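As written in TrEMBL, here are the features:
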type     : residues : note
DOMAIN   : 9-29     : domain 'Zinc-ribbon'
REGION   : 41-108   : region 'Disordered'
COMPBIAS : 45-59    : compositional bias 'Low complexity'
COMPBIAS : 61-78    : compositional bias 'Polar residues'
COMPBIAS : 90-104   : compositional bias 'Low complexity'
TRANSMEM : 113-132  : transmembrane segment
DOMAIN   : 146-225  : domain 'TcaA second'
DOMAIN   : 301-375  : domain 'TcaA 4th'
REGION   : 503-572  : region 'Disordered'
COMPBIAS : 511-558  : compositional bias 'Acidic residues'
COMPBIAS : 559-572  : compositional bias 'Polar residues'
Amino acid sequence: MAQQDSLQFCPNCGAKLKPGALFCGNCGFNIANYKAAKKNVGNGSQASKPASASAAPKSGNRFNQPNQPGSQSNSVLHTGTREASKPVQSQAAPKPSAVSSAPTRRTKKTKKWPWITAAIVLIILAGGYMFGKNYYSQDNQLKRAMTSVKKNDKNLAKNFAVSDKQFKLSHKSLQPLIKELKNKPSGMKLFESQLKNNGVTEDGAYSFAPSGRAWLLFPRYKIKVKTFSAKLRTNQPNIKLTVNNQHAYKTTMTSVSHSFGPYIAGQYELTAEGNVHGHHMKNDGNYWLTPSNASDVYLELKTISFTAKGYPGAEVRINNKSYGNLDNTGSLYLQDIPWSNDMELTMVYSGDGGKATSNQRKIRDSDEDEEVSVSFPGVMSHDDAHNLISDVFTDMDLLSASGDVPSDLASLFDDGTSSQQYKDIVSMAKNYNNDKKISSVNFTVQDFHVVPNKNAETKATYNVKYKFYGDSGASHTQVFQYVAILDGTGSAGKIRSIHATKKISDTSTPGDDDSDSNSDSDSSNDDDSSSDASDSDSDSTDNSDDSNSDTDSTDDESYQTNQRYVSQNLSY
């Protein structure tokens with residue numbers, strides 16, 4: 001028993017055991033059960049055979065090996081106490097099977113949670129990568145940067161990068177760019193388009209390129225800024241040069257220029273101001289400075305005078321500075337305006353549909369004492385608009401005479417034959433053709449004026465004289481004023497809408513069969529209506545025969561009919 005209590009090696013694997021160990025630290029064999037079984041076997045053997053027959057196995061033998069003949073300790077251990085109570089015959093001891101002699105090992109359970117955790121982590125990492133790849137794509141980063149530029153928000157500078165350490169990126173230092181982009185209607189779109197398609201603006205001042213990395217995985221893009229110095233030059237000493245009313249420099253007899261900077265491409269207010277030959281002069285304006293044009297900005301102190309011509313009421317601007325409005329003749333005389341190489345004239349017209357801004361027109365030395373005008377994009381010229389409206393009434397003349405609709409009439413309207421104005425004109429002209437009391441009709445377009453209605457839209461105001469002739473030679477003349485809204489320019493121009501605004505005049509001329517008294521009455525009442533003319537006709541028939549009376553009555557009905565057609569059908 002003392003030998004069993006001091007078991008030093010595992011009967012199963014032979015590994016050395018710690019004192020008092022209950023399980024083998026190497027293979028997990030149950031040492032306690034082993035000792036208990038040995039003890040029971042030992043007690044049973046001593047009662048039935050000599051002690052020499054139940055010798056314990058050597059400590060060096062593995063428990064799962066077959067027993068040697070004559071050794072019964074292992075077989076006794078695995079057959080249980082029932083066999084231990086039987087007499088043991090040394091020569092007839094049964095040989096234990098390999099299965100029964102093998103010790104039972106404790107099964108190790110595989111832990112699954114580490115694998116599940118690892119799978120979840122991998123899924124999260126993969127999803128995060130895909131999100132980051134999309135979020136930090138070049139296109140999406142440009143969209144976010146342009147949103148900040150358009151809003152001019154407080155985080156504007158975070159979307160820009162600059163390599164010039166002397167230039168400090170800030171919301172304030174980026175305002176020249178924002179000011180220029182917002183002053184031009186297509187400035188923002190053009191800026192974004194060039195960065196997206198070419199990676200750099202046309203003037204080379206801005207580019208969209210990688211600037212560091214995000215999360216060490218994704219390239220971070222920013223709008224990179226190219227800085228430059230601006231050299232301002234004038235032609236007189238003792239002149240103060242300033243940029244945005246800052247960084248003043250006064251010229252001398254030996255130096256009439258100075259370099260300022262660093263700057264970024266954008267709009268700046270440049271000024272040269274001082275006294276020249278006893279006169280205070282100032283050359284100032286807003287300039288779009290870029291790396292290519294800022295090397296020599298000449299602010300010459302000289303003046304120019306010219307007459308701006310355009311639409312009455314239009315605001316006149318020179319380098320975005322307002323100089324007043326055109327008078328009702330469409331003129332504004334500009335006297336002694338400080339001249340510069342970058343002097344540009346624009347006009348802004350406030351139409352019924354909104355404001356229209358003209359194209360820029362550069363002022364040159366040769367414009368001194370000349371008339372200078374501008375064009376408005378998308379607005380028809382006077383001649384093109386007049387030709388378009390005249391074509392409509394030429395077709396009406398043909399239609400009222402023949403009853404056949406000219407093939408080109410529908411093409412003059414935005415919606416073609418679906419246009420309500422087209423339908424009304426065709427109906428009116430056919431009525432004239434069908435009226436037996438009208439021998440012919442003439443249409444004349446007069447007093448034609450064109451102004452912008454808003455950007456890329458034209459408003460034409462004009463009068464149309466309708467002259468109706470009867471079989472007797474009598475005539476009836478009416479003049480109406482119209483307003484037409486036109487789209488497009490040149491030969492592509494079309495009519496969107498036409499509306500009659502008022503009747504200008506309504507006169508009648510008697511026929512050959514009318515008496516002299518009728519003629520005198522009509523001559524003194526040119527602006528009277530047909531009913532007044534009818535009254536005169538009625539008075540004159542008192543001294544005439546019945547046939548003349550019948551003729552006068554017929555002519556009067558013709559006038560009434562003509563006026564009804566004009567009044568009813570020309571109010572479209």
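For all residues, glycine too, the Cβ spot is worked out from N, Cα and C.
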Handout entry: Close approaches to the transmembrane segment (113-132) from elsewhere in its chain (Cβ under 8 angstroms; 6 or more beyond its ends)
Key = 214-215, 217-218
Exercise for the section: With DSSP as the reference, give the number of residues of the domain 'TcaA 4th' (301-375) in helix, strand and coil. Expected result: 3 helix, 39 strand, 33 coil
Completion exercise
Model confidence for the domain 'TcaA 4th' (301-375), as mean pLDDT, reads 93
Problem - Three-state composition of the domain 'TcaA second' (146-225), taking helix and strand from DSSP - result: 30 helix, 21 strand, 29 coil
Handout entry: DSSP helix/strand/coil residue counts for the domain 'Zinc-ribbon' (9-29)
Key = 0 helix, 3 strand, 18 coil
